[in-house]
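Asks: What TrEMBL shows for this protein is this:
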| type | residues | note |
| --- | --- | --- |
| ACT_SITE | C11 | active site |
| DOMAIN | 178-301 | domain 'MsrB' |
| ACT_SITE | C290 | active site, nucleophile |
Amino acid sequence: MRKEIYLAGGCFWGTEKYLEEVKGILETEVGYANGNTKNPSYEEVCHRNTGHAEAVRVVYENTVIGLPFLLELYYDVINPVSVNRQGNDVGSQYRTGIYFTDDEDEGIIRESIGKLQLKYKEKIAIEVKPLDNYSRAEEYHQKYLDKNPHGYCHIGADKFEKAKNAVDTGRRYIKKSAEELKESLTNLQFEVTQNSATEQPFHNEYFDEFREGIYVDITTGEPLFLSDDKFESGCGWPAFSKPIDAALITDAVDTSFGRVRTEVRSRTGDAHLGHVFEDGPMDRGGLRYCINSASLRFIPKEKMEKEGYGEYLLLFRQ
């Protein structure tokens, strides 16, 4: 599930570049948050006391990285007890702040701040508020350090390397409650994965998707199938010759609709995926895993590293 949070941590050039490196971060942009005016310019923020903070909008995949882990990485590149100053940058626009758009995130943030406070004698100065009066910064500032590799950055090079290698191991592949799934899935995805419904053939997202990439469980993010093992079966649903690992799948006898079939489910998420039949290509082992698109999320090969699935790139046929 895609979520967003807005983080202020001094000059937004370096903060954005740092967060871009983290696995599970899907999008970033820099902007001005929680000030007194709408759509301020950079000059106004710096010199006319608009009250805005330089902030980074972070869109992340919360099956790969959870908010508590993301905040830990954020704390690693700020001085959380400094007021209106980070590094050499001084002014209220350089204050630290966490601004949320989902009210349910507030409790997570405040619990995280509480744990951080135990490490300091001084009071934590990070502002925690709902997002207000946010506006995207000028294009000049977007991805500034990508466009200007030798530009000013208040974050040390060692922190960027740490961000690249950071993995939220405690977040991966957790079975969610029915209530959580109802929030994150469409009605069709919920009915298919939780109530063993079947989507329409030829009118689903991935039956004719043949780009290189990986297919993961829509409910947990756990990898299930590779594009290398997908083939055109003519059935109207995605068809695979095998899963990435047989241990990722469970099977059961399905006698619904007066037929005897073998149902396949994801092991961790216990989500209904589809069925497996013995009419697949013989040169691929003879099996056909007929899978509902609604049970899957496809990640193109070029985005796998960014979304936290880089370790699976070695499995592709060269």
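Using N, Cα and C of the backbone, Cβ positions are placed for all residues, glycine too.
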Asks: I need the CA-to-CA distance for C11 (active site) versus the residue listed as 'active site, nucleophile', whole Å please.
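Replies: Just about 50 Å between their Cα atoms.
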Asks: Just counting, how many other CB atoms are there within 10 A of the CB of C11 (active site)?
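Replies: Other Cβ atoms within 10 Å of C11 (active site): 21.
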Asks: Long-range same-chain neighbours of C290 (active site, nucleophile), Cβ under 8 Å, sequence gap at least 6?
Replies: S233, C235, W237, P238, A239, G274, H275, V276, F277
